[in-house]
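K.L.:
In case it's useful when we look at the structure, here is the feature table from Swiss-Prot:
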BINDING   Glu287, Arg331, Ser505, Arg509  L-aspartate binding site
BINDING   Arg331, Ala332, Glu333, Arg339, His340, Met341, Glu502, Gly551, Leu552, Glu553, Arg554  ATP binding site
COMPBIAS  15-31  compositional bias 'Basic and acidic residues'
COMPBIAS  38-66  compositional bias 'Basic and acidic residues'
MOD_RES   Ser282  phosphoserine
MOD_RES   Ser307  phosphoserine
REGION    1-66  region 'Disordered'
REGION    309-312  region 'Aspartate'
Amino acid sequence: MSEMEKQVENLSLEAKNEKPKEVILGEDGKPLSKKALKKLEKEREKEQKRKEREAREAEEKKKREANEIDYSAGKYGDLPLNRSTARPGRTYTQISDISAKNDGQTVLLRARVYTSRLQGNKMCFFSLRQKYDTIQALAVVNKDTISKQMVKWCGSISLESIVLVEGIVKKSPEIIKSATVQDAEIHISSIYVISPIKKNLPFLVEDAGRSEEQIRESEENAAEGDSKFVRVNLDTRLDNRVLDLRTPTNQAIFDIQAGICQAFREFLLSNSFNEIHTPKMSGASSEGGSNVFKIQYFKTDGFLSQSPQLYKQMLIAADRERVFEIGPVFRAEDSNTYRHMTEFTGLDLEMAFNEHYHEVMEFIEKLFLYIFKTIREKYAKQVAVVRQQYPSEDFILPDADRIRFHFKDAVKLLKEAGYRKQLVPGQKVPEDEEFHYCEDPEFDDFSTPEERALGQIVREKYHTDFYVIDKYPSSVRPFYTMPDPEDPRYSNSYDFFMKGQEIMSGAQRIHDPELLVERMKALGVSPDVGLQQYIDAFAIGCPPHAGGGIGLERVVMFYLNLPNIRLASSFPRDPKRLLP
């Protein structure tokens, strides 16, 4: 093939492979003119040059930062895992102890990163948290100690990380509303991560600590374009309970709960009580009912304790005179209400008396007043923290030492308010009025709506949230309850109430074996082998005695107006929850 023929063939191939020229259409759908095309081409070249320039500048900035001396090196970063290799003995400060009075002082503290905000590349704000105390801290770039690299790193610290911060306290010129320390802030000199976050948080602690009112208000404002707060439901919180327990509200709740236990123990120890520890597994159910957890105990059946009732009484028969216990109580009740759990903490006591069971009832009244006054005087700060999320009115204590009602007098108060109406067989009652009726108005136990109504009546009429109802009907009390000697339809028993909610049930116990067996049979409880040793304890002599059992979580719930009893338990148990 000649050279000319080759050139012709190549031209032919190029023609076949040549792509059609791009046709650019204008807004009118027609091809652009040459003038318009030229203008578009210039704009494209200009845009391309801009991108190339920005890329060069970014690369140059990166190189400058890499070559820039970090004069804060060693003042920030992740600390190695603490394996207790050294103990320098430095002095640490609590956030609660910091105020404007410390202006100019250097402090060292360990805290969690509650919130953070990077402002440009020269400033980072933190809210540092210890339990329910928070303080604002900031790292600001300067020429000598705080570098841009340090501030940038500060902005990368994950929320809930535990940090070691050293800084100077500065009096704030304005009130810092977002922190509990409102008149001072910390200007950071050094900051290290002690314990980083190694998984994504299921929710923010800040979100879990908001009140229902705050959430609703944000949802209403969202319609106007504002962002709304995240609603963290109770199940999500309980599924991730360790994180949830970090909220300031929960920290305050469980401080108060611990304070109640301490006050209970202090008062009883100062009145010659002995702390006891009874078995939580037994061969018989203490109440003689079916609401017990049955367990396999080697080759026989056992039960988880419903209460320490039987053992408290046996210890009284053993001359222990005054005993108390703080321990777990198990109830196999398939109830999913806001006020029931299958495991809770019981504050139980039992004591011998000399003449009348009212000696014990009066003592328990004084015990409760001591507990309530302890909360009011020593835990006012914690109560205020809880009220930010769960608003409540002050708990009203009676002007006198006690407010008591006979059961039939409480029934009378309810009748006057339109409750306790006789339910006639076959009578149709409106659904919204069902709780106004009962089969036996004089002797039926109070329903939950009736208890609440009575609480409101007593509050308005007697100006108290704390009161006692005495002489409950024998038919609604356990077999070991002493009948009223004057009217056996009633019993020597009592319930204590807070805001119309029962928090303690107690009574004089039967300490005569024959009467005890008689009552057991009358109520359908078999005095079998499982209860025989309990009965025998009274056959060898036992002083008259009375006592009661307090539900710890209920006291916390009702005092703080919590919407659900699960909020008063660190790791609640109910029919649907056995973890965590």
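Cβ from N, Cα, C; glycine included.
Given the structure is predicted, the values throughout are model-derived calculations rather than measurements.
Relative to the rest of the structure, where do these features sit?
P.N.:
In the three-state DSSP scheme, Arg331 (L-aspartate binding site) falls into the coil class. The Cβ of Arg331 (L-aspartate binding site) lies under 8 Å from the Cβ of Asn291, Gln306, His340, Met341, Thr342, Glu343, Phe344, each of these being in the same chain and 6 or more residues away along the sequence.
With a cut-off of 8 Å between CB atoms and residues at least 6 apart in sequence, the same chain places Gly302, Phe303, Ser305, Leu310, Gly530 near Ser282 (phosphoserine), listed in sequence order. DSSP assigns Ser282 (phosphoserine) to a strand.
Secondary structure at Ser307 (phosphoserine), as computed by DSSP, is coil.
Within its own chain, the region 'Aspartate' (309-312) has Cβ neighbours under 8 Å at 276, 278-279, 282, 284, 286-287, 323, 325, 348-350, 478, 480, 531, 534, 547, 549, counting only residues six or more beyond its boundaries.
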K.L.:
What is the separation, in Å, between the Cα atoms of Ser505 (L-aspartate binding site) and Ser307 (phosphoserine)?
P.N.:
12
K.L.:
Roughly how many angstrom lie between the C-alpha atoms of Arg554 (ATP binding site) and Ser307 (phosphoserine)?
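P.N.:
Each residue's Cα considered, Arg554 (ATP binding site) and Ser307 (phosphoserine) end up 16 Å apart.
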K.L.:
Specify the count of other C-beta atoms within 10 Å of the C-beta of His340 (ATP binding site).
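P.N.:
Counting Cβ neighbours of His340 (ATP binding site) within 10 Å gives 16.
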K.L.:
Counting across all protein chains present, how many other Cβ atoms fall within 10 Å of the Cβ of Arg509 (L-aspartate binding site)?
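P.N.:
Its Cβ shell of radius 10 Å holds 24 other Cβ atoms.
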K.L.:
Compile a sequence-ordered list of residues in the same chain as Leu552 (ATP binding site), six or more apart from it, whose Cβ lies below 8 A from its Cβ; state 'none' when nothing qualifies.
P.N.:
Gln257, Ile260, Cys261, Ile326, Phe344, Thr345, Gly346, Leu347, Ala568
